[in-house]
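Before any comments, here is the structure.
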Amino acid sequence: MADLLHKPLLDIEEQSRTSKKPPRVASLDVFRGLCVLLMMLVDYCGAIIPIIAHSPRNGLHLADSVMPFFLFIAGVSPALVYRKVPNRIEATWKAVLRAIKLFLLGVVIQGGYFHGINSLTQKISVGYVVAALCEIWLSCRARREVSFLKRYCWHWCVAFSLSAIYLGLLYGLYVPDWQFEMSSETSSVSPKNHSYVYTVKCSLRGDLGPACNSAGMIDRYVLGIDHLYKKPVYRNLKECNMSTYGQVPDNSASWCHAPFDPEGVLSFLTAAVTCIIGLQYGHLLARPQDHKGRMENWALFSFSLLVVGLLLAVIGDPVNKSLYTISYTLITSASAGITYSALYLLVDVCGYRCLTFGLEWMGKHSLIIFVLVTSNSAVISTQGFYWAAPENNMIHWIVYFCDVHADSTRRTMQVHHIRIFLDDGNCELVSGPSLRARFLVNVLKSTIITLVNVLKSTIITLVCPMDRPNDLNIRSLTRAFSDFDLPNKNDQ
């Protein structure tokens, strides 16, 4: 193990001399694949397992680490791609063109409509171009040997400047009282032009709550309130009293009904800082040194960022993903650095690529997988595959879904109602994490129905808590699922 740590990784310059196309660094692909896997996990299972879903406000859950991990690895790449730049103008156009393509891809994923710069791909495109321009124009390329910090000191000046601008806007802007209109059939607020007007009382500055933060105000002015996310995660806070069906009652605070964009304009500043931090890890990767020296530098860098981030969180800067605070930026960047260091040790130092070949494959095709997952194309494209009959396909499982919850007192499963979206061959698809969660629920329900053939009486007792005739068969059970709402025992 000690010999492996002192063995140097093949230098980038030597790679370019020995082959036309230098080999890929396996740990980078594995890390990208891990990012994609985490994204799929939290998207499909976040609604089922709340502990891995986004934190309602302050705090850090697994889902809150996905975006910083993508931004971190996007910042590592320019350190390898633009290490030797014979023509800075040409390299700049290349970086900008790549960022524009990625930005437009985010628009396509949104359905062809421009809803503001509020998707992950668009945030990555902005962070990438900032890191690439820092590497192309602000790196010290003197022939004489200079220290590592002095060579990239201007990168840190850009990072500190972006952080200072972010803090000035977040804490310095005055947020007045504001109103918004929302159409609601159940709202008890007086209607105005077929809409319902809500008023949020602010008249302050420096507030980081969900109602009166300056990040939301900037998005309302720049993007417009109609282009913001209609169901922000802070609706899960206890102040909003959201029901199990996702409805916020009228007696909740007015801001609980307001849209808010967690990928807002202000967060692009600290997202670019994350990419610049990843750029420094890339410099250590491209720098000719043995594995031990590289690992030591990464460990020192990561734990320094972690300590500073925790210190900021203690003194009053909350770890908040929706606002992309400085403490959140540092802690998640440190976590990404520690994770990548572990993967580098496992894959590139110890050579256990067989254990991570799946993640490595996903990393090499990360963009394609990302598009298929975020656009739900992976689910929709499977509708042509069916079992025994055309109606037994994926769409059949998606359009029939049920809300299932565990009764804590009786320890039983109750099916409250079944909604049907399939009518005369027309299917209405709903995109987003809720669809993916319900899709998994329907796969589970389909499995249960299959098991009914073997253990009919036991499964029917668990799934359908109602009195049934002795001759009830699987066909009548399926018809009951698709034709009407199942009554609760309290309604009988």
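Cβ atoms here come from the backbone N, Cα and C positions, even for glycine.
Caution: TrEMBL annotation is automatic and unverified by curators.
What TrEMBL says about this one:
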DOMAIN    24-112  domain 'Heparan-alpha-glucosaminide N-acetyltransferase catalytic'
TRANSMEM  30-53  transmembrane segment
TRANSMEM  65-83  transmembrane segment
TRANSMEM  95-114  transmembrane segment
TRANSMEM  120-140  transmembrane segment
TRANSMEM  152-174  transmembrane segment
TRANSMEM  265-286  transmembrane segment
TRANSMEM  298-316  transmembrane segment
TRANSMEM  322-347  transmembrane segment
TRANSMEM  367-389  transmembrane segment
Ranked first among 95-114, 152-174, 265-286, 298-316, 322-347 for CB pairs under 8 angstroms with the transmembrane segment (120-140):
95-114
How about the transmembrane segment (30-53) and the transmembrane segment (298-316): at least 3 CB pairs under 8 Å, pairs 6 or more apart in sequence, or not?
no
Range from 95-114, 298-316, 322-347 with most C-beta pairs under 8 A to the transmembrane segment (265-286)
322-347
Under a criterion of three or more Cβ pairs within a distance under 8 Å and sequence separation of at least 6, are the transmembrane segment (65-83) and the transmembrane segment (152-174) in contact?
no
Checked against DSSP, the composition of the domain 'Heparan-alpha-glucosaminide N-acetyltransferase catalytic' (24-112) is 65 helix, 1 strand, 23 coil
